[in-house]
């Protein structure tokens, strides 16, 4: 019996056991051991019969494994096919019935003009067929022997070809080639080279910023308040507690007013040393009543809070803040903290920011960074988080440490009121009043501090429509401001280096050149070089440097590394909106003065729920303490109700037009055997298509 057991053990070891786990309706292989070396021996031996049986057994098991793999692959293909059919039907439905981006937001879906939709749908079909015909022309030329690889053109073959009536296609195509060689390629190549130079300059600037951020982390450099200021805070009411004015400007933002008011009312600061102004510009009577009622509740709890509504609502946010600063009681306060309606500062916010002002009379602004309660809500918010993490972690921190200047973010900051007054106060001349006051304060010699370790929670736009409008305002306003501030910058008494930094780096390079070359180089020149191969873009311009820059951009948000490719494609897609906004601001076009309040969803964090629970406990004395889980359930139920509301998508014509251009150019690149160019154009075209059909982010109610 012992030899029998030994033989069975050896045979069992030489076998190839397969453990298969069934996950209905699919199969998945958990483990497959490879055959031993003895299984491949072919010489005769006493144990050959056993090995033959083992091989037969292994062959059957391998057959079963292959069948399971084939079954799984077939299931995946079926799922992909179903998903593609679903996506195709959704695209057709949205193109046929979606709103265009030129329509106003207050038009009901039932009242939309069907003629506009029909014309737009027809335009898309004509443009698509035209692109296909042009591509067919190139394909026909390719099969007739016109094998031109960029940038080498076989002119000898072209000039030696006889032109006759029987070769009318060759005649037309040869004239087209000669025309583009002589007239189209040189200016296109010149423009491409100019954009490459701008691209390299901007990349060097981005690299220097990243090295500065690395140095700050390596040396652990950060602004630290004086020890006596911190000690004064710890000493209690008799310590360093200057008079602080807190302002919350808002306009028709009923989704977020409760949590923002609760957050500022819970700030850990002596009640006699703080005044909260709720600056309500809402034109909706219901929203006004809700906000006023919320303020009254907190007043009854002892909070020093006032409700203020303007009769004449001019100047948007700048006009609102300017009107509030004109109140007679403002002269009693030394500092002002500003929070937008969706911002929720932590209770220790003032204790971590105000002490930096003590003993530093040149300090005009202390800016905190933003954190986002909904950064993982969808792909759009994840990509925004990458951008803003780089903005705060790298741009703001490096500029704050090394040159004491950066653009005020408009919220989550504390100003010395004397600095605001010395700089001329809030002006309504642009849609970026925060950047305006920061530039004027810097020209008057005031210094800024950025605190990277002090965070203030807020929301990111969850729909592409809201994000697009926000980015338009953020990129048109700086160009307006540049036109207005350039003479003042030149005449100012600051150093030449500071003037260079403000004019070239702050305005031209990061606000004008960046959107210009991103749009021109990757959305216009690159696809044009596919149809005019005599002008070329090197592979390092198309792939390697953009990938490196995207890698550097994503370093402050390491958890977002899986989204590095979508981030690169999405940034190029957004260059259309940013370029359009930059042009409108630079040349003072009508859209430069548009101000649309960014749509909020009212997302609540764990801390928000706790503060709301405490607030409800105060308002309902004698009642039992609210259950946090019940509050969560109520919020989830409300979100589900909102999801059931009718939603729609918009169709963005510029993005769709560029999508067809890029996809056509990607097909043309195959004829020139340009692999990297093909993949970049293909995925970039798909990115434009998804954005143009509003398939990214949440739908708009």
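Each Cβ is built from the backbone N, Cα and C atoms, and glycine gets one as well.
All annotation found in TrEMBL is predicted automatically rather than curated by experts.
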Among ranges 474-502, 503-531, 532-560, whichever one TrEMBL labels transmembrane segment: 503-531
608-646, 647-685 - the one TrEMBL records as region 'Disordered': 608-646
Transmembrane segment range according to TrEMBL, out of 190-216, 217-243, 244-270: 190-216
Annotated transmembrane segment segment (source TrEMBL; candidates 108-125, 126-143, 144-161, 162-179): 126-143
Residues of the parent chain within Cβ reach of the transmembrane segment (190-216), under 8 Å, 6 or more residues beyond its termini: 222, 393-395, 397-398, 401-402, 505, 509-510, 513-514, 516-517, 520-521, 525, 529, 535-537, 541, 545, 548-549, 552-553, 555-556
Non-local residues, at least 6 beyond the ends, that sit with Cβ under 8 Å of the transmembrane segment (676-696): 90-91, 94-95, 98, 378-380, 464-465, 522-523, 526-527, 529-530, 537, 539, 542-543, 565-566, 569-570, 572-573, 649-656, 658-663, 665-666, 669-670
